[in-house]
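Here's what TrEMBL has on this protein:
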SIGNAL    1-20  signal peptide
DOMAIN    29-158  domain 'C-type lectin'
COMPBIAS  195-209  compositional bias 'Polar residues'
REGION    195-222  region 'Disordered'
DOMAIN    241-368  domain 'C-type lectin'
Amino acid sequence: MFSLAIIFFTLLVTSGETSAACTELFSEVGTRCLRFLPDVELDWTDAQSRCDVIGGHLARVDDCSLIAGIAAYVGAHGVQPTSGAYWIGATDRLQEGKFIWISNNQTELSLGTPFWGTSENIREPNGGSLQNCVAMMKNQAYHFHDVECSVKLGALCEQNTDAETDTTTGEPHCTTGVATDDVTATTKEPYTLTEATTPNERTSSSALETTGNTGKTDTTTVEHYSTTEKPVLCPDGYTSISGRCFLFLTDAVESWTAARLTCSLNNSGRLAYVDNCHLLGDLAAYLVDNDISPTTGYWIGIHDHEAEGIFRFTDGTLAPLTTPLWGFTNDTMEPNGGLDENCVAMIAADDFFLHDEDCDAALAVLCEAAWNTDTQFYM
């Protein structure tokens, strides 16, 4: 359940020289140096003080890919929090409803998909003035919840950046690696990136590579963190989101098989490949901001028709089974439908997190335009 996402676009990189930055008290997770304190039971203020003593602060988990990295590290190293959650460095104590990172000039947190979990099917944060501190919850695949600051939880610390910083990004980078007998993770930064040649290639500044059996299948994963995108010219009716072109057919309510045909008839498109958490967040934000949410949800191009539990995109490549892409039904993480639910949709009632559904269900359709390698334009 906590395997890292497989990223299905390729970027050309060359590794550069790095220097160790994590102290012996911290471990590399992605491009961050983190210390997991699973067995302490501290309130939020005391947790921040404990991190300060070891040269850190409560962690700033401001990239959705880092949630996957943290979940994978916890699973591989057996550092599940005894209390069921880890405090991180976010709070809305200064202004109710405005959550900020205390370690990054009070930068505001992103709300909604894909960072926040649910409580009794209600989207977090939902605790009002009684719950002003943020934790990552074990039973919610380490999605965020607002919690009473006095609750005793574990602490997730991040090494202070003034210990050593990357001269390119200003972020600490660590080279000692994260390893078990069958899982290794290594940062691949700083590096140089060739200029993007298609609209869905994006310039980046850091990467996390994981090799081994991460819980679902043997994988080698390279996760790229986007910083800039090239402008995209989309076919008529399609909208540019995250450097790709999407068509929202809210009124075309039909089965998954029919939806796949519908997309092929719209500029030779396909059911959308929601292959990373950044794209999921951008799609969800677009739907909410433009008030085009369907009653049910949108079919996308993922299924497990060929082998139960092995989800693939319609081109046969493996789809990621990981937090923070998949949602929850009654506190059970998706996909959870077994043999009865073999097609995947972004479900409106779960803020567009992914769910497996009955393929014959009538849902709206989300298409993605095909990229023409000959013309270098979307068809």
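Backbone N, Cα and C atoms are what each Cβ position is placed from, and that goes for glycine too.
Remember, it's a predicted structure, so these values are computed and weren't measured experimentally.
Note on the domain 'C-type lectin' (29-158): its mean pLDDT in the predicted model is 96. Sorting the domain 'C-type lectin' (241-368) by DSSP state (H, G, I as helix; E, B as strand; all else coil) yields 28 helix, 44 strand, 56 coil. Under DSSP, the residues of the domain 'C-type lectin' (29-158) split into helix, strand and coil as follows: 30 helix, 45 strand, 55 coil.
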